[in-house]
Amino acid sequence: MPYLKESAGVFSCAYSPDGTSLAVGLRDGRINIYDTSTWMMTHTFQGHRECVNSIAYSPTGHQLLSGSDDKTVRLWDCKSGSCVFVLEGHTDEVWTVAFSPSGRQVASAGKDETVRLWNDQTGANLFVLAGHSGWIRCISYSPDGHAVVSVGFDGVIRFFDTQTGQLGEVWESQREDMMIVAYSPGGLEVVVGHENGELLLYNATTGKLTRKWRAHGGAVADLSFSPNSQWIATCSSDNTVKVWIAATGSVLSVFTGHSNCARKVAFSPNGLLLASCSEDCTIRLWSVSSLGTGMNVEGGSEPLTGVLFSPDGRVMLCDTWSGAVRQYDAVYGESCLPIFCGGSPVRCLAISPDGLRIASVGADNSVVAVWDIGASQADVFLRGHTEEVNAMAFSADSRWIATGSVDRTVRLWDARSGILDRVLEGHSNYVNCFLFSPNSHRIFSGSEDGTIRAWD
């Protein structure tokens, strides 16, 4: 979906309860508010002097809470954009803030190792909750508002009574590097994200660890349950955003697009959209996949042998048994005419990462056809292999096409002109698969000779 570009790194984001607004906190201390129907900026809240690490809407959507590196927590009136209270008391950076479910209390925590509870009507500091021996990264209220849970770098999950300020249960974690914690909407589970990329799911009643899995290759920066508790969204320093099936820990969707650490994720109130923000100065909007069928396209009377999406997801290509490649509008499911017919079942089909070129080869063919997307016929043919082509791929920069064949060679071609650049020899049997490295500098090929070869 479209994304919003900011002038500074975006460190926090939150939807209003009715889904009509999205608030984002920036590195330079500003908070910008967007109308989600038009995605126009409606307000800018200014007051924090340093990075806004965390923001949260009140249950009514009338107030906004923010915590900053400037050691303050601020409570804002959403209609006027004015600051109602500056909550002072923390002696170091504030990393996390939260509204209670009733909206009558707010919580904050951070680098000074304390959780602080405040009255949102008076701004009074109700309790200073101590006990952690390391920085506190995240806090979360239970759905009934009777408890607040906190995690950080000391390896302990602590629960506090929000009415008395007394320490409740203390759970020992398997690791010390806890980054984020959240209750499920039903209050039955507590999920914790770790710096090593793991997610740990606990039974909220017994404290028993029920499931854990490696979610990311980098630290889990944030997580959020969907409103129906079925999904868990995560984001990470590995730049990705992922959606998980909470009941099984299996991945539902992987979203790539951020070019720097993804800091925060937030489900829209209806659970259909996901917002993420990043240090790359963007806020990205994702359509969350469901397990149901979103589109059902009839492929005609002949069998379909493969399917491929364009990089932007708007075009879908289908291989057919006759060799015709059919193009579909993936948004509306509308069928287009066949755009190329090779005369035999399609063995391989590839689309360039820039979405401009398509390559295809038949099952008994040593010649690869290449054409512009939307064109009705190929304009370049890659001829050189002496036997059938088994595999092909575009480089990440869309400049090259690599092909592998039964003739045991890998060949590198200019994707635009079709000129053969080089022949890579060394495999002693069929070349069946390969891929380019993300920077396009290497090709990895796999063969029936039992080897994987890396080529410069």
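Cβ coordinates come from backbone N, Cα and C, glycine included.
Keep in mind that TrEMBL annotations are predicted by a computer and have not been checked by a curator.
Small disclaimer: the values here were computed from a predicted structure and weren't measured.
Going by TrEMBL, these are the annotated features:
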| type | residues | note |
| --- | --- | --- |
| REPEAT | 45-86 | repeat 'WD' |
| REPEAT | 87-128 | repeat 'WD' |
| REPEAT | 129-170 | repeat 'WD' |
| REPEAT | 213-254 | repeat 'WD' |
| REPEAT | 255-290 | repeat 'WD' |
| REPEAT | 382-423 | repeat 'WD' |
| REPEAT | 424-456 | repeat 'WD' |
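Across the repeat 'WD' (255-290), the prediction's mean pLDDT works out to 84.
Each residue in the repeat 'WD' (87-128) gets a DSSP state, and the totals come to 0 helix, 22 strand, 20 coil. Secondary structure by DSSP for the repeat 'WD' (129-170): 0 helix, 23 strand, 19 coil. Using a Cβ-Cβ cut-off under 8 Å and counting only residues 6 or more beyond its ends in the same chain, the repeat 'WD' (129-170) has close neighbours at 95-102, 105, 107-111, 113-117, 176-183, 185-187, 190, 192, 202, 204, 207. Helix, strand and coil content of the repeat 'WD' (213-254), in residues and according to DSSP, is 0 helix, 24 strand, 18 coil.
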